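**Student:** Below you will find the structure I want to go over with you.
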Amino acid sequence: MVEASRIFHTTLLPTFPHLHNNHKPDSHTFLTNFPRKRHGLLQVLHCSVSTENDTATKTTPTQMTVPWGCDIDSLENASALQRWLSDSGLPPQKMGIEKVDVGERGLVALKNIRKGEKLLFVPPSLVITSDSQWGYPEAGEVLEQYSVPDWPLLAIYLISEASLQKSSRWSNYISVLPRQPYSLLYWTRAELDRYLEASQIRERAIERITNVIGTYNDLRLRIFSKYPDIFPEEVFNLETFKWSFGILFSRLVRLPSMGGRVALIPWADMLNHSCEVETFLDYDKSTKGIVFTTDRQYQPGEQVFISYGRKSNGELLLSYGFVPREGTNPSDSVELSLSLKKSDKCFKEKLEALRKHGLSTSQCFPIQITGWPLELMAYAYLVVSPPSMRGKFEEMAAAASNKTNVKKDMKYLEIEEQALQFVLDSCESSISKYSKFLQASGSMDLDITSPKQLNRKMFLKQLAVDLCTSERRILFRAQYILRRRLRDMRSGELKALRIFDSFRNIFK
């Protein structure tokens, strides 16, 4: 699995230039150019995952497990992929696919690998991008007419190629993809509410699911319904979209040397993530292939890692479905929610200032083990500021936003104690939620009816416990720092007051 691009939210269907205005292609012209029937499609291709509580478009009643991909720990199809890639132009490698402790499958060193050595060299012909040739060209031509952005385009491409099975040139690659990606897209709303109630990642997951559903519904309304022979609902439906987007989130790579182009890279996406490495995939102009440069040496038999990016444990769970061991991720953070109360005497004025800079009455800020951003304190200053500081509301809101050049490291000494106490109260409220979940997690009623369900429920529960433990750890550290600052501040004030009283007694 490799890094999913963070440009997802800006390239989803809601930004389609031709799908939200009246300049749409003539459907009659399309239908006269394309065949009326599509051959090679499976009759029923629905995922078996639950979408309870989702306000999504309902799929047809007949459902079965998507027959694409394999179990995540299968090595047979992985070996077939390796042979196919070699036959298709992948040069000899110093790594091989093996079963590993971290990630179940991964690339393991077959020979000594030096630090600073370039590995992989996957040629562009074996990379899936928005320019890849379609096994069913008519579908690609329709989507090109509608200027579909890369993310949804690649999602449709993946579904289309998977449905062609052996007739697709990518069949060996698709056969190694997981039938059910570990992404939070596959958690039901009930599971998100139950296991991630304390974490802000729950809101991120709901937002992501909503975006995927919205993308599918828009595509269905504006394209699929107009060309049902090209995009039959039995193949292109919400459940298959969850599958394809789950694959994209966990495997899509953004290549800096190619202008940020996103791509699926067979073989390379067998590399697992380590928080201890910083190397990443990119296009190498000299070798004309996708490579990465090792930042450490590897002995034969050692698993080779890359970085999926500087992501928190919550972000790694959101896209990739795993949580690093507690304390091993230097980029880990937890989002702390701060809120402006409607009972505030200056609520309307503060709200206006916040909205002007793209903020709301409830805002989340990342806290790391080393501290928190200056924007958080600026927001806290605004929340606790009295009516006498009306003239500073605009300045505070601007500083709380990361979309401005206004100096953010400002301090308002007259309200600093109140601001720190406000952040501490928010922090302790959040800690309470985490502690409540972790205390109850040992006695949860898993409501299982089969061993398979037990494995899934226990797996999700363990992920949630690992995430909440790591996030609470960061909050405990923030709590300690805040309490110490307030203690020092208040003891300093008390000392100053005593000195003042002493001087006053002298001059009586």
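From the backbone N, Cα and C atoms, a Cβ is placed for every residue, glycine too.
So TrEMBL says this about it:
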DOMAIN    93-309  domain 'SET'
BINDING   Arg251, Asp269, Tyr283, Tyr308, Tyr320  substrate binding site
BINDING   Arg251, Asn272, His273  S-adenosyl-L-methionine binding site
**Student:** To the nearest Å, how far is the Cα of His273 (S-adenosyl-L-methionine binding site) from the Cα of Tyr308 (substrate binding site)?
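**Tutor:** His273 (S-adenosyl-L-methionine binding site) and Tyr308 (substrate binding site) have their Cα atoms 6 Å apart.
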**Student:** Arg251 (substrate binding site) to Asn272 (S-adenosyl-L-methionine binding site): how many Å between their Cα atoms?
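**Tutor:** Cα-Cα, rounded: 10 Å.
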**Student:** Listed substrate-binding residues Arg251, Asp269, Tyr283, Tyr308, Tyr320 - what's their greatest C-alpha to C-alpha distance in Å?
**Tutor:** 23
**Student:** For the C-alpha pair, I'd like the distance in angstrom between Tyr308 (substrate binding site) and Asn272 (S-adenosyl-L-methionine binding site), rounded off.
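**Tutor:** Roughly 8 Å, rounded to the nearest whole number.
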**Student:** Where Tyr320 (substrate binding site) and Asn272 (S-adenosyl-L-methionine binding site) are concerned, what is their Cα separation in Å, rounded?
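**Tutor:** On Cα coordinates alone, these residues lie 10 Å apart.
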**Student:** Here are the binding-site residues: Tyr283, Tyr320. Which has the lowest count of other Cβ atoms within 10 Å?
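**Tutor:** Output over binding-site residues Tyr283, Tyr320: least Cβ neighbours within 10 Å is Tyr283.
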**Student:** Over the domain 'SET' (93-309), what does the predicted model average in pLDDT?
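**Tutor:** Mean pLDDT for the domain 'SET' (93-309): 93.
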